[in-house]
Amino acid sequence: MRPAVRCFGLAAPLLLAASVAHGIEQGEPRSGIAFASPETRAMQADDTANPGLFWVLDGEQLWAKREGAAQKSCGDCHGAASASMKGIAARYPAFDDKTGQAVDLTGRINLCRTRHQQATPLPHEGKEMLALTAFVGFQSRGLPMAPPADPRLAPARAQGEALFTQRMGQLDLSCANCHEANWQGRLGGSPITQGQSNAYPLYRLEWQGLGSLQRRMRACMVGVRAEPFDYGAPEFVALEAFLATRAKGLPVETPGVRP
Amino acid sequence: MPRTLINVPKTAKAGEIVEVRAMIAHPMETGQRMGVNGAMIPRDIVNRFVCTYGSEVVFAADLWPAVSANPFLSFSLRAKEAGVITFSWTEDSGAVHVATADITVT
């Protein structure tokens, strides 16, 4: 993350000087892949070149693995993921009745682990959770992001929007300063983009591996020298709930590829 | 056994030039990175890749620590006769991972 800190530091004065805002409300939401190089786009589009598929294949195996005191696999309850999980990732985060809170896909899978498999929750950024979220997300690939019209999600979305527009960190920048006001600009030579959430978890070349949306947001927060929220924090779920409303209609790309 | 993804056309015309792709899930740990408590993470890379078509080596490459994780290789070969195309990746430890694909030539 060090290089990111350095280049954000250099770019901050430029960002602050930019006065013309190009809010994305003026145009269509645009996926991060539209800003990527032809090589990166080709890598994402080809399942024999997209390394994210390794996680999808691992997830397929985990789907069938019996776990916990209940000795049940995901498939024992949900059947074939190609049918039962189709479209699910496109409408997450969703509202969970039992906890009365918004949950993202990672949170939901951990609820199934604890509630239904009587197993321990999986670490957020561990190989297994990334494989399961990649596999479940993959079943929605190509479907439009469809945040549910559930009024119970309104508080989380409002909190997410407030966090998105709140300045933070030593560089005193909000997410919106970059991803709303300057998404057509560049930072340290790379496109800033709209910061859309439709391709996660995704393979980032810089990470040399797959990572979650929260890992990406943590990187942005560290970039402005803010203290990032913990993995799984309600603030991150709220941001995800807000990001999903911004990404409405964009095709799910899981597993995406980004530089 | 790390996962591999290979792509070979199932059929080709005799003499046709076909594209072949091969990728292996591998950390390609360079040996230059520090882990917890400042301890060096030992080097662990795939250092050799060989593709054979029937009994003939048609493509081979040495890989070095600067190659990214999950290395992807793409090359072309000329379809001659029906046979097995074998891909093998050799790790620093000496372990060899093999994947094969059949090609039918018409």
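Positions of Cβ are set from backbone N, Cα and C atoms, glycine also.
Unlike curated entries, TrEMBL annotations are predicted automatically.
Residues or ranges marked as active site, cysteine persulfide intermediate in TrEMBL: A:CYS220. The heme c 1 binding site annotation in TrEMBL covers A:CYS74, A:CYS77, A:HIS78, A:CYS112. The annotation heme c 2 binding site is assigned in TrEMBL to A:CYS175, A:CYS178, A:HIS179, A:CYS220. Sequence annotations record features per position, and here TrEMBL assigns substrate binding site to A:ARG216. What TrEMBL lists as domain 'Cytochrome c' is A:155-259. As annotated by TrEMBL, signal peptide applies to A:1-23.
Projection of TrEMBL feature records onto the structure.
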residue: A:CYS74; record: heme c 1 binding site; DSSP class: helix
residue: A:CYS112; record: heme c 1 binding site; DSSP class: helix
residue: A:CYS175; record: heme c 2 binding site; DSSP class: helix
residue: A:ARG216; record: substrate binding site; DSSP class: helix
Rounded Cα distance, in Å, between A:CYS178 (heme c 2 binding site) and A:CYS220 (active site, cysteine persulfide intermediate) is 10
For the domain 'Cytochrome c' (A:155-259), jot down how many residues DSSP puts in helix, in strand and in coil. 40 helix, 15 strand, 50 coil
Do you know offhand how many angstrom separate A:CYS74 (heme c 1 binding site) and the residue listed as 'active site, cysteine persulfide intermediate' by C-alpha? 33
Within its own chain, what residues at least 6 apart in sequence put their Cβ under 8 Å from the Cβ of A:HIS78 (heme c 1 binding site), listed in sequence order? A:SER84, A:MET85
Residues other than A:CYS74, A:CYS77, A:HIS78, A:CYS112 within 8 Å, Cβ to Cβ centroid, of the heme c 1 site? A:LYS72, A:SER73, A:GLY75, A:ASP76, A:SER84, A:HIS116, A:GLN117
Tell me which of the recorded positions A:CYS175, A:ARG216, A:CYS220 ends up closest to A:CYS112 (heme c 1 binding site) in space, Cα to Cα. A:ARG216
Whole-number Å distance between the CA of A:CYS175 (heme c 2 binding site) and the CA of A:ARG216 (substrate binding site)? 12
Residues flanking the heme c 2 site, with Cβ no more than 8 Å from the Cβ centroid of A:CYS175, A:CYS178, A:HIS179, A:CYS220 and excluding those residues themselves: A:PHE164, A:LEU173, A:SER174, A:ALA176, A:ASN177, A:ILE192, A:GLY195
In whole Å, note down how far the CA of A:HIS179 (heme c 2 binding site) lies from the CA of the residue listed as 'active site, cysteine persulfide intermediate'. 11
Measure from the CA atom of A:CYS77 (heme c 1 binding site) to the CA atom of the residue listed as 'substrate binding site' and give the result in Å, rounded to a whole number. 32
Round to a whole number and give the Cα-to-Cα distance in Å for the pair A:CYS77 (heme c 1 binding site) and A:HIS179 (heme c 2 binding site). 40
